[in-house]
Every structure is written in C-alpha cells, then in structure tokens.
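Read the structure below first, then the notes.
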Amino acid sequence: MANNKYVYLFSEGNASMKNLLGGKGANLAEMTTLGIPVPQGFTVTTEACNKYYDDGRVIAKEVIDQINTSIVELERITGKQFGSLEKPLLVSVRSGARASMPGMMDTILNLGLNDEAVEAMAKLTNNPRFAYDSYRRFIQMFSDVVMGVEKRLYEDLLDQMKERKGAKFDTDLSAEDLKELVVEFKALYKKEKGEDFPSDPKIQLIEAITAVFRSWDNPRAIVYRRLNDIPGSWGTAVNVQEMVFGNKGETSGTGVAFSRNPANGENHIYGEYLMNAQGEDVVAGIRTPQPIAQLKEQNPAIYDQFEKIVNTLENHYRDMQDMEFTIEEGTLYFLQTRNGKRTAPAALKIAVDLVESGMLTKEEAILKVDPRQLDSLLHPAFDAAGLKAAKPVAKGLPASPGAACGKIAFTAEEAKERAENGESVVLVRLETSPEDIEGMVAAKGILTVRGGMTSHAAVVARGMGTCCVAGCGDLKVNEANKTLEVNGTVLTSNDYISIEGSTGNVYAEQIKTVAPEITGHFATFMGWADDIRKLKVRTNADTPRDAKQAVEFGAEGIGLCRTEHMFFAEDRIAAVREMIVAKTVEQRKKALEKLLPMQRADFIGIYEALEERPATIRFLDPPLHEFLPTAEDDIRELAKEMGLSFEELKATIEGLHEFNPMMGHRGCRLAVSYPEIAEMQTRAVIEAAVEVKKNKGYNIVPEIMIPLVGEIKELKYVKDIVVETAKKVMEEKGVELEYHVGTMIEIPRAALTADAIAKEAEFFSFGTNDLTQMTFGFSRDDAAKFLKDYYDKKIYEQDPFAKLDQTGVGQLMEIACQKGKSVRPNIKLGICGEHGGDPSSVEFCHNLGLNYVSCSPFRVPVARLAAAQAQVNNKR
Ligand code: PEP
Ligand code: MG
C-alpha cells in the first residue's frame with residue numbers, strides 16, 4: 001500500500017525497513033537506535049523515488065514539504081542551520097537502494113555551502129583553507145552530478161591554478177588561492193548554465209535529491225541491476241546526513257573497515273584510515289592510507305571505542321560488516337554499515353565460522369552466500385595482478401565463466417591440431433556449430449562474434465566448463481584470411497588473446513591464469529545445503545567425462561543427455577551422414593547398424609560413470625542438415641568419400657534446407673519420419689543397461705526422453721516404437737528391465753495439453769530453452785542481437801533465456817504441472833533448460849514442486865545452494 005510518509009528521520013526507522021529506507025537508510029536508523037554515534041539526518045524513501053518516476057520525473061510538492069519539515073527537525077537536533085552565519089548545517093546526499101549498488105548512483109557532499117556559510121565555517125574552524133577547499137569541491141560536485149556540467153572543465157581550472165601558483169598537489173594551494181578558484185568555478189557555472197550557482201541550501205538540496213533519483217536510471221545502474229537481479233521497480237532511497245569532517249587537522253581522520261577480512265574471511269578487523277583527510281583523498285590515492293592496527297597505537301582510546309562498535313555491529317547484524325567512519329576533532333562517528341561484500345572463499349569461511357561460533361544456525365548461514373559466487377571457485381581465474389594491469393578491448397556476453405588465455409585459432413581443426421602440439425589456444429569464430437565440437441574441447445576458451453546466451457557455443461561451453469564469451473559484436477573476424485580486427489588493431493594466429501567468461505571482457509594480450517582452489521569450508525558448507533534442500537540436482541551431460549565431473553560437483557544423476565553430441569565424433573560422422581542421405585529404409589538401417597555399437601558404448605560409458613545414479617537419455621533432436629557440410633569444397637570431398645556425385649549430394653543437402661530449422665524437422669518429428677532412428681537408439685539404451693547390469697551389477701532403470709512433443713499422438717507413435725523395440729531386446733537377452741518413457745515439455749501446446757500427454761509420459765522435463773523461444777516467439781540464437789535495445793528501453797530487464805520468465809513461461813510450466821498431476825499424480829517433474837542452473841529460476845522450480853533441476857556440471861553447486869536457499873526461504 002502506498003505510504004504517504006515519504007521522509008523518515010534516522011530516529012524513526014529501523015533495520016527491518018530496508019524496502020522503504022534502502023539498506024543504508026535502514027542501517028543508519030538501526031545504528032541510531034543502538035546508540036552508536038552516527039551523524040544525524042533523514043531518509044527520503046524508495047516510494048518517493050517511485051513516485052518521482054510515476055509523476056513524470058518530478059518531485060511532488062508533498063514530498064518537498066516533508067523534506068523541508070525534516071530539515072527543521074535536523075536543525076533542531078544538530079543545533080545548526082542551513083545557511084547560518086554562525087553555525088551552518090552542511091549535509092551529504094547519498095543514494096541507498098535495498099541492495100547495495102556500489103558506485104552506481106550519485107553522491108553530493110558539503111551541500112549547504114554558499115558565500116556566507118563558507119565564511120562562517122572558516123571562522124568556526126579557524127581554518128579558511130579547509131572551508132574554501134570544501135566549497136570548491138562542493139561547487140564542482142554539484143555542477144557535475146546535479147547540473148551536468150562536465151567535471152573536466154573544473155579540473156582544467158584547478159590545474160591552471162596549480163600551474164600559476166607553482167603547486168604540485170591540491171594541498172599546496174592556500175586559502176586565498178582556493179577562494180580565487182571558487183570565483184572562477186562560479187563564473188564557469190554561470191557561463192555553462194546561464195544562471196548563478198544556486199546559493200539557497202534548500203534549493204541545492206531538492207536539486208541534489210532529484211539528481212539521486214534520476215541516477216537510479218543511469219545506464220551503469222541499469223546494467224548493474226541486470227547483472228545482479230535487482231528489479232527496476234525497487235527505486236532508491238536518498239539519505240541526507242549531517243557532514244562530519246575528517247580533514248579538520250591532526251585529530252581528525254577517516255577510514256573504511258571490515259569486521260573480518262573480506263578477501264579470505266579471517267576473523268580480525270581489516271581496514272585502512274588516514275588522518276587529516278576526506279574519503280576522496282583515500283580513493284584518489286594521493287596519500288597512502290595506514291592499516292587499521294596503526295590506529296591502536298596512534299589513538300588507543302578511539303581505537304578501543306571503534307573496536308567495541310565494530311563488535312557490537314557484527315553481533316547485532318550477525319554478519320561481517322563493512323563500515324565507514326570519520327573522526328572529527330577527536331570524536332568518532334560511524335557513517336554507514338552494511339553486510340560486507342566478500343570473495344567466495346571468504347563467504348564460505350565466514351558462514352562456517354559463524355555457525356561454529358554459535359552466532360548462526362546452518363539454515364541462516366546458507367542464506368549468507370550468493371550461489372552465483374560459487375562459480376568462481378570452479379574455474380581458472382586470471383591472476384589478480386595480471387588482470388589489474390590489463391585493459392579490455394571489447395566486451396561480449398558472459399556466456400560461460402572462467403578465464404582463458406591463448407593464441408588465436410580461427411577454425412576448430414586448427415584449435416585441435418595446435419592444442420595437440422601443446423599450444424594453448426582460444427577458438428575465435430563468427431559462431432560455432434556442432435562440427436566445431438572437437439576444437440571447442442581442445443581450446444582453453446571460446447570467443448564468438450554472434451550468438452546469445454543459449455547459442456551453441458554458450459551451451460556447449462557451459463556444459464564443458466570452458467570459458468566462453470559469445471556475441472561479441474565489436475570484433476571483426478575474417479575466417480578466410482584468419483584475422484581478427486578489434487578497434488582498428490588486427491590480430492593473427494600468432495597473437496595472444498585473453499577472455500573472461502564471467503564479465504564478457506576481451507583482452508588483446510596475454511594474462512596469466514591460475515587454477516581453482518577448493519577449500520574444506522566449501523565441502524562443509526555444501527554438505528549443509530544438501531541436508532536442507534528438497535529439490536534434487538541433476539546435470540546436463542553427454543559424455544562419461546562430464547558426467548564424472550558433475551558427480552564430483554554433487555550431481556545426483558543426468559537430467560539431460562543430448563545424444564546428438566555423440567554423433568559428431570570423428571569416428572561416426574560418416575555413418576551419420578550415410579544415414580541422412582539414405583534413399584531407402586534399407587540403406588538407412590544399414591547406416592544405423594554401424595552407429596548402434598558406438599551408441600551402445602556411449603551409454604555404457606555414461607551408466608558406468610554414474611554408478612547407478614539415474615540418467616535421462618534424450619533421443620535425437622537437431623535438424624539433420626546440421627550434420628552436413630555447407631561449403632562446396634567440403635561437399636565435393638564428402639561426395640567422393642560416399643561414392644556419390646557432387647550434384648546428387650548437393651541436391652540432398654539443398655533438399656534439407658529449412659527457412660526456420662529450429663521450428664522445422666527436428667525432435668520427435670525425425671522419429672516420426674524415420675522410426676528406424678528411434679529403434680536404434682532404444683536398442684542401444686536397453687542393451688547398454690543390460691550389459692552394465694551384467695558386468696557391474698548396477699541396477700539401471702533407463703529413462704528415455706522424447707523431445708519436442710506438441711501432440712499426444714506423436715508421442716504415442718514414438719513411444720510405441722520404443723516399447724516394441726525394448727520388448728524385443730529384452731526377449732532376445734532373456735531379461736526383464738524396468739524403464740521409463742517420458743517427454744520434454746518445450747512446446748507451448750505440450751504444456752497446454754499436458755493432461756493428455758501425461759497419459760503416455762511417465763515424466764516431464766521442461767525444456768525451457770525451446771519453451772522460452774516458442775513462448776516469446778523469438779529465436780534463442782538471434783535474440784541477443786536485439787534484446788540489448790529492449791534492456792535500454794526498459795521493456796525487459798533480464799535475458800529470458802538466462803532467467804526464467806516466471807509470468808509467461810512459468811505459467812505454462814504451472815499449467816503443465818497441474819494438468820500432468822491430474823492424470824498421473826506421481827509424475828516425475830524436472831527442468832533441463834539452461835534455467836536449471838539459475839538461482840531465481842531454481843527457487844521458482846522449488847515452489848512449483850518439481851522433483852529436480854538439471855544443469856551443466858559447473859553449475860551443479862550453484863543449483864544445490866539455490867535449492868537449499870529456496871527451502872529455507874519457503875519455510876519461512
Ligand atoms: C531445451 O529446449 O530447453 C532443451 C534442454 O533442449 P535443447 O537445448 O537441446 O533444445
Ligand atoms: Mg529443446
């Protein structure tokens with residue numbers, strides 16, 4: 001419900017009011033209640049921000065009135081007045097959303113200064129230099145942040161002044177110099193804006209608050225929100241707080257501290273401070289800050305008070321705190337506290353330590369680690385120093401995490417060959433296709449110009465745990481000439497390239513990578529997550545190697561084994577092609593007979609790797625033309641190999657051409673046209689299960705999954721082939737074997753008719769890649785190209801291929817679950833689209849009552865933790 005109180009004094013709020021007051025505002029209020037020395041102030045709420053946008057980007061009069069009333073209150077509390085000639089009130093104006101968005105929005109300091117107040121301040125502090133320095137900083141900041149006058153123009157004036165006065169540092173300028181500079185700054189403002197710099201602090205304040213609201217929607221904030229799952233509808237609050245100064249002389253100072261080490265989680269106060277300085281001096285690196293331990297020696301009384309407050313805050317919030325403090329003429333103030341950001345190893349250590357010390361329960365600790373962070377523990381990363389010194393030259397989509405560095409390979413064959421010779425290579429392609437698989441396996445990383453988050457390159461790379469940057473449109477790749485052009489620089493096969501899959505950054509240089517380290521806390525913590533969660537976690541894996549890797553990461557089986565990936569291997573592509581170009585059923589069967597032993601061996605390998613864990617094997621899905629070459633030379637060569645004429649093969653390939661292959665002859669439609677394929681695959685699955693049972697004693701219960709079903713009769717048709725073939729094989733072998741046949745729900749019609757489909761399907765697995773594609777009606781391979789415009793125009797906030805669209809696609813899932821259960825109450829339900837590894841989508845699946853999620857091996861720990869968090873949150 002809309003609240004018509006839009007402004008709260010710090011003394012009126014508390015920590016539970018985060019949604020309304022933002023994280024910073026709620027914590028300032030809480031600290032005030034706790035009796036911690038906090039410079040006082042008030043918070044303009046997130047609702048006021050939303051109202052500002054609803055009203056067409058204007059602050060309503062009732063909000064302004066409440067701000068003015070709060071100023072009077074603040075004047076009373078502080079005993080200072082806005083614009084006073086004796087005791088001027090100066091404030092900082094800072095953003096503060098529900099979730100911290102460091103540096104994304106605007107801040108204005110020293111607000112309230114004008115020609116009179118500065119004089120009063122000079123007298124009051126007996127430090128005119130300090131007063132005029134604060135004033136010139138304020139004019140510059142206000143002009144830049146609030147009024148859009150370029151900062152650079154002010155910096156030029158400052159530099160000219162320094163040159164005239166022979167000053168090396170800003171600190172070398174005298175009070176008189178700075179006074180002169182203020183006059184120049186104000187003249188510049190008038191020239192740029194055509195009016196005088198506003199001298200009324202109340203006008204300054206309303207303008208500054210407006211600017212912070214406006215900054216909620218600046219491009220970097222929008223991008224940050226998208227990357228961190230923060231909805232645009234939250235808005236930001238604005239905190240107006242009395243200024244305290246750390247630059248009033250040697251008894252003043254300022255610093256930042258964490259209650260534990262944010263890099264490794266060690267339990268000691270970690271921080272830095274600087275005496276006689278303002279926060280921005282620390283940031284600008286003009287002077288080197290001191291480690292916090294020094295403060296103990298320099299001022300034991302203050303340190304003692306500081307340490308007590310740090311402990312109070314950590315105990316109160318029951319989490320590691322990140323705090324800003326200022327000492328003003330010997331008096332300590334805390335300016336803010338929040339749960340500190342930390343690296344993944346630190347997050348795990350802190351969570352485990354807090355449980356062991358009795359501060360948190362395991363369930364509470366589970367919520368303290370962001371599942372997405374775990375990713376960074378499982379992949380190589382760039383060496384920190386190397387990364388710091390490097391400069392990105394382009395940015396693509398962060399398609400698969402990790403870091404990779406190597407020389408450029410322009411084709412898959414080249415990547416494979418050079419990798420076999422011991423070279424580290426990064427495969428750079430316009431886009432990848434299934435034929436590139438071996439080069440992709442061999443490469444340290446994959447970089448593509450085209451394609452989105454669910455493009456072939458992205459999906460395959462995530463599956464293998466290989467770093468991938470996709471859809472990097474800034475690159476010009478000439479595959480024929482083997483050159484890569486970026487910002488005018490041309491790179492060749494001899495040049496190094498480095499890519500970072502978690503950011504999408506591309507570097508035209510060599511950066512060292514380091515192997516991942518998994519500590520003991522990781523295992524302890526994940527054990528707790530497993531005890532808590534109800535949702536099972538499977539993996540999408542097509543090879544024994546990937547399956548083993550996933551099991552090491554905690555997978556409880558395979559939720560999707562895409563059999564087509566097995567068909568591209570060098571030793572079988574010929575037989576696959578023979579099957580495709582076959583003119584008669586006999587010819588096709590002959591080719592399939594060659595594939596049968598290989599396919600059976602694939603499944604044996606997978607069943608053995610899983611050691612009795614379940615595996616859902618999906619029958620052939622992609623359009624057949626993907627297995628055939630497109631370039632004339634390749635067709636000629638293949639025709640020769642196959643004993644066909646060039647014309648004949650070319651005509652066959654052309655005959656397979658489709659305008660929209662993803663909506664074409666694929667999935668179960670292939671088995672409808674060529675039942676022999678389903679027959680061969682069924683035989684391979686059942687024979688493999690029988691053999692593994694015989695050899696290893698594992699009790700395998702095969703799960704056969706039919707893709708792309710939209711109509712019950714087509715599922716029934718394919719299922720009948722499976723049942724008939726399985727029966728035949730079991731008779732031949734003289735064994736009885738339990739097995740299940742299910743389907744993917746990835747076509748909207750399948751979701752809508754799920755009651756009919758559940759009559760035949762023993763399980764559903766939501767293929768949310770295709771389901772998203774078909775529900776939105778845009779291609780999963782091409783959408784990335786225009787979705788950018790949708791983010792810019794705020795039509796979508798998130799990539800629906802990465803984060804499940806719960807409103808639309810989710811609704812279809814809900815319908816399918818209900819209808820499916822109405823016919824088959826115990827139907828097994830899972831998801832195997834890319835969303836199965838996305839935390840918010842995992843939570844949705846938990847709430848929907850699915851039995852399992854399935855995701856690529858490297859996201860298994862992420863899904864395990866997200867599932868545990870869903871359970872804890874849901875219980876609450
Ligand atoms: C899907 O569509 O979500 C799915 C898992 O199948 P594929 O990505 O292979 O089309
Ligand atoms: Mg699909």
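Yeah, the Cβs are placed from backbone N, Cα and C, and that goes for glycine too.
What TrEMBL records for the substrate site is Arg562, Glu746, Gly767, Thr768, Asn769, Asp770, and among Arg618, Arg636, Arg669, Arg683 the residue it adds there is Arg618. Other than the site residues Arg562, Arg618, Glu746, Gly767, Thr768, Asn769, Asp770, same-chain residues with C-beta atoms no more than 8 angstroms from the centre of those residues' C-beta atoms, the substrate site, are Leu560, Asp621, Pro707, Leu708, Met744, Ser765, Phe766, Leu771, Cys832, Gly833. Among the stretches 60-301, 305-349, 521-871, the one making the largest number of Cβ pairs under 8 Å with the domain 'PEP-utilising enzyme mobile' (423-504) is 521-871. The binding-site residues in question are Thr768, Asn769, and the one with the fewest Cβ neighbours inside 10 Å is Asn769. If you count neighbouring Cβ atoms within 10 Å for each of the binding-site residues Glu746, Asp770, the highest count belongs to Glu746.
Long-range Cβ contacts of the domain 'Pyruvate phosphate dikinase AMP/ATP-binding' (305-349) within its own chain (Cβ-Cβ under 8 Å, at least 6 residues beyond either end) map to 15, 23-24, 27-28, 30-31, 34, 36-39, 100, 102, 241, 244-246, 248-249, 251-266, 269, 271, 273, 275, 279, 295, 299, 359-360, 364, 368-370, 373-374, 376-377, 517, 519, 521-522, 525.
In this view, the densest Cβ surroundings among the recorded positions His456, Arg618 belong to Arg618, judged by other Cβ atoms lying within 10 Å. Note: the CA-CA distance between His456 (active site, tele-phosphohistidine intermediate) and Glu746 (substrate binding site) rounds to 17 Å. Residue counts of the domain 'Pyruvate phosphate dikinase AMP/ATP-binding' (305-349) by helix, strand and coil are 19 helix, 17 strand, 9 coil (DSSP-based). Remark: Cys832 (active site, proton donor) has Arg538, Asn540, Gly559, Leu560, Thr616, Met744, Ser765, Phe766, Gly767, Ser854 as non-local neighbours, by Cβ distance under 8 Å and separation of at least 6 in sequence.
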